[in-house]
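Everything below concerns the one structure shown next.
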């Protein structure tokens, strides 16, 4: 059990884990309409640059629902692969294997290239944020005195100067 907890903690530290709670799961049922619209229009503009294609609201809803179902199916398959490996955290390789298993092998290579690009882009950010966290830790150890401590020191100094004035 401790090994699974260590695996989860390591993945969380690397920003690789997203935990979905039950309350958030209901909100995630629909894909964002603006993003679906943008994806559909971008792809259609690539396919037919000569004329603009209008997409009905019902068609956008169908694209959104299709995408949601695909994500659910891919997630369930990746989860099965993860469980077969006696793990609780789905990783990128599980998703790639799931794509092959659900008969979408043509997505694997482009996704793998995109994933590698993502990792390289974030490698610098991750090391930069690690340095910032370390600097924060060091800074917290050397915090300046608080206002209360300064007030006490001022009061002590004024008491000493009053005592010295009486001599």
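Glycine is no exception: its Cβ is also placed from the backbone N, Cα and C atoms.
Taken together, the residues in the domain 'Transcription factor CBF/NF-Y/archaeal histone' (30-99) have a mean pLDDT of 92 on the 0 to 100 scale. Look at TrEMBL and you will find 30-99 tagged as domain 'Transcription factor CBF/NF-Y/archaeal histone'.
Summarising the annotation, TrEMBL assigns region 'Disordered' to 119-167.
Under the heading compositional bias 'Basic and acidic residues', TrEMBL lists 131-145.
Summarised by DSSP class, the composition of the domain 'Transcription factor CBF/NF-Y/archaeal histone' (30-99) is 51 helix, 0 strand, 19 coil.
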